[in-house]
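A.B. asks: Annotations for this protein, taken from Swiss-Prot, read as follows:
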ACT_SITE  144  active site
ACT_SITE  153  active site
DOMAIN    14-345  domain 'SAM-dependent MTase PRMT-type 1'
DOMAIN    358-684  domain 'SAM-dependent MTase PRMT-type 2'
MOD_RES   32  omega-N-methylarginine
């Protein structure tokens, strides 16, 4: 059955009605899931298998039947491990119906249907009794309910319910225990993801400083965790202020509480500095003795950094203290971890928490609007002084004292730069109430509330009255729009430029003057795993899962790129970067499609996993800003990516076999089309079997 769905087009700005298959959201969830990544996580799978074997043995040694409850079974992998280890029966719970259906097929294909019952329910809906889903309580609890924050997927309420209703008292649990660790650091780079710094503007009248409003400075920030591949943050980007501190542990074999709690650790700072950021991760022990351990520790805290398992479904956490605080080497402090049923946050206390009534504080929430409008990469981008200097340099070449400037970007400070550089009149368009409110506060904090005109409406709806009867001599954009997911979605600026054409005066300038779409073929060190078939996992056939993911990708996304922040995912360029399409912002959006096709030669040996695409914005003929590669690749092909933007990754299909020799295809063919009527960029990249 087909259904109609409305969708806001991020490129054209229009709302469209699309005919979709009724299961399109299932396909999308599967295509973008981490199932493949988990199946490729060898360390996780081996440790779970070892822990399950040990738990089944302990139960059998007591002369009991081994009855397993597997919550969040996914493919059924852990249940199949349990049966292979000697479990008498497994109840495998999976709430996501397409996944539960796949688990039934995988279990059947591997010959375990007589000992594994897949139950398509949330675990809190499972019943026990003669007429229930389970005839009796289980005595082994196996789960994989964890996310990067450990408890963010509802592990605590699920465990709490399971112990009360589904498993025996003092049951065996795999994992047996989890421990959360934290380390206090000073980091200007990471702090710039959470706070608005003063921005310096060099003008003919000297340096001007754009200061943040007081409530933005004092705001604790967004409540959500910042999860990243912490191993890709250079040690030069932070100063360690504390040892690694075990903050709290959860024993999963006993009753678990989802109630809010706090846990403190006394420590003495290793050096004096500014406490800004808490780095955090966890480990899980699969057995009561703690001999079978799976850790998310970054390389500097890992027991064997040379043998670390790469994974993307579990990473590390960055937490921001509400305010930076000075710390003195050797002067004792208390780091406090707070959590409710789904979230963790941290605070720093000068006195023992038992003596401090403030310690049981509420979860921090943004009350300044900035953290609701700007995500963490956007904060970093706005705080990038070099980037600001590039805009100032470009603006100087196009501004005149009598310029009338219209700025179009979400929550951008370009209007302030234009004013400080001497523009006669500046208008900025903010289509959302949140960005309008935030910019008004920033303007007031800098005494500009009467100098810059904010227009709260969609730019396509501008009237002569909005512009006070003036014609625009400079249309200005970063461009940046909060609805953009892929690099070319910011081509919305081009559609705005077309819509406001009637308001542009003779000889009006547009900045950026143009944009171009670029690409490079790469070999990923690890990211390829998220789209690579698994086939066999610890001796179990999971081809059905591979096929399910492939069908989901073929349904919608096989010919689409997906956004990834590639500074977190090292890769080597195998080709030279090349320009695919150009977009002339000096002219309105054309009526006819823009097309490009050709082949590119691979210059370096390697497994070509994907084509990476990004936009470059040509502010002026002499000044270009890249959202992708920032400099030429090093001799080995190493890439340096813009850390504030996500790049578009088009994975080749079929994925290269990692066991294959490196003498694969030496060319890649491509065909790319930009369709002005929809704003879509349709693309296809594929290996070409060209002989050497």
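Backbone N, Cα and C define each Cβ position, glycine as well.
Burial and contacts for the listed features, if you can.
C.D. replies: Residues within less than 8 Å, Cβ to Cβ, of residue 144 (active site) and separated from it by at least 6 positions along the same chain comprise 38, 48, 72, 74, 78. DSSP assigns residue 144 (active site) to coil, not to a helix or a strand.
In sequence order, 145, 146, 147 constitute the residues six or more apart from residue 153 (active site) in its chain with CB-CB distances below 8 Å.
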A.B. asks: Averaged over the domain 'SAM-dependent MTase PRMT-type 1' (14-345), what pLDDT does the prediction give?
C.D. replies: 94
